[in-house]
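J.: Just passing along the structure, written as structure tokens.
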Amino acid sequence: MTAAVTYYLSQHPSIVTFRWSHTQSWGCTWSFLVISIAVYLALSSLLHLILSLFVKRGSRPAPLAPVQALHSLIMPIISAVIFAGILFSAAAEINETRWFWRRSKTPFQWLLCFPLGTRPSGRVFFWSYIFYLSRFLHMLRTFFVIFQNRKLTVFHLFNNSVLTIMSFLWLEFSQSFQVLAILFTTLVYSAAYGYRFWTEIGLPTACFPFVLNCQIVLLSCNVVCHVGVLMLQIMKGGCNGIGAWVLNSVLNGISLLLFLKFHVQSRKQAPVKDIVKVL
């Protein structure tokens, strides 16, 4: 059983021979990224505007509970598979390539800082590509939030757009830090979406804002890892894709500031349970 799981998560030929290519992989061009983000922002804003203009406040939300629950069930499953896949794949890559970098890095340092010259191919980048594609499925939650709560926040739109852009940059520039970022994100998403599914089928809620705490944990882990990448860049002679990492850091910083601003403002205007609904 363990051998079969390992094979399908890290040793399958489609995984081992994967290569990020603008001509061979779906959704791998800059034009696709820009158009998809623009369509997402336009549709979200248009839907929110239409509902705000033509639907009375206090009216019953659209009956999308079953669809929303299904989405909340699918997302933790996909996140768990990606988490397991990149964990097994990273272990396999470390085992096979450590002869090349073992004198300059430890395995943990490799997770934070890819050696210079790393190309976007192989096991780790296959699961990074699957994570990138899953971002578009994650975007569907925005429309559920609009239909159910009639709310749309700048933080929500910016956060979803930024995560999609960053996951594209990870592949395009073989960016360092992406392995840990995907591990943290998929682990948190598995817990957060699993909890959402739990509550959406009518089971008891937690006595604390579970989803909000998950978001805080994820942002905190990202900050710590970015500090680690910066230290390795200075002390170990460079990390691959550092230019993309700088942009990644700036976008993460903006996202963190927007999250803090949104959280503070929302706490003044609404109870915590209402804040969690729009995250």
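Glycine residues also receive a Cβ, built from the backbone N, Cα and C atoms like all the rest.
Here's the feature list from TrEMBL:
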- 30-55: transmembrane segment (TRANSMEM)
- 67-92: transmembrane segment (TRANSMEM)
- 124-147: transmembrane segment (TRANSMEM)
- 154-171: transmembrane segment (TRANSMEM)
- 177-198: transmembrane segment (TRANSMEM)
- 210-235: transmembrane segment (TRANSMEM)
- 241-260: transmembrane segment (TRANSMEM)
J.: Would you call the transmembrane segment (241-260) and the transmembrane segment (67-92) in contact, using three or more Cβ pairs under 8 Å, pairs 6 or more apart in sequence?
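T.: Checked: the transmembrane segment (241-260) vs the transmembrane segment (67-92), no contact.
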J.: For the transmembrane segment (67-92), could you work out the same-chain residues 6 or more beyond its ends whose Cβ comes under 8 Å from its Cβ atoms?
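T.: Same-chain contacts beyond the flanks: 5-6, 9-11, 15, 111, 122-124, 126-128, 130-131, 134, 137-138, 140-141, 144, 148, 179, 182-183, 185-187, 189-194, 196-197, 200-201.
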